[in-house]
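> Just dropping this structure here.
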Amino acid sequence: RNVYKDLRQIELACDSQEDVDSWKASFLRAGVYPEKDQTESEDGAQENTFSMDPQLERQVETIRNLVDSYVGIINKSIRDLMPKTIMHLMINNTKDFIHSELLAYLYSSADQGSLMEDLMEESAEQAQRRDEMLRMYHALREALAIIGDISTSTVSTPVPPPVDDTWLQ
């Protein structure tokens with residue numbers, strides 16, 4: 001039984017505007033439309049500012065929802081692409097600067113040969129670290145060879161069976 005059959009007005013109380021909008025959308029989808037007021041136009045004649053066709057109203061609401069969804073997707077895509085685009089432009093501009101300015105400065109230095117040799121020369125700390133790593137490599141390689149010789153030349157015997165100690169009781 002429909003208790004609201006003859007009523008023209010329904011009161012709703014919601015916690016947030018989102019809930020109110022959700023209820024309104026639900027009523028529109030169900031075919032319940034708000035009663036529109038007629039407004040007077042500037043020449044004094046009464047003019048309808050809405051369509052009384054419920055099917056057209058539903059189509060307009062559907063199109064409005066689709067457009068809102070589309071705008072939301074575009075907004076999300078732009079928010080996602082903007083930082084990526086900025087970083088891409090920053091990196092490309094930095095790379096272009098290095099190629100055009102810094103590389104030209106390096107090549108235009110007065111003493112090209114010694115400058116390149118100075119830049120390519122290994123530092124004393126790096127040489128010491130390299131020598132230390134090589135010594136450690138050779139020591140570990142020798143230790144592995146010794147361990148390999150021990151494991152191949154060691155003979156193992158099976159464990160003897162357990163001793164019968166029932167006579168102690």
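Yeah, the Cβs are placed from backbone N, Cα and C, and that goes for glycine too.
Take a look at what TrEMBL says about it:
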type: DOMAIN; residues: 60-155; note: domain 'GED'
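Map these features onto the structure and tell me what's around them.
The average pLDDT computed over the domain 'GED' (60-155) stands at 85.
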> Using DSSP, break the domain 'GED' (60-155) down into helix, strand and coil residues and give each count.
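Final tally across the stretch: 87 helix, 0 strand, 9 coil.
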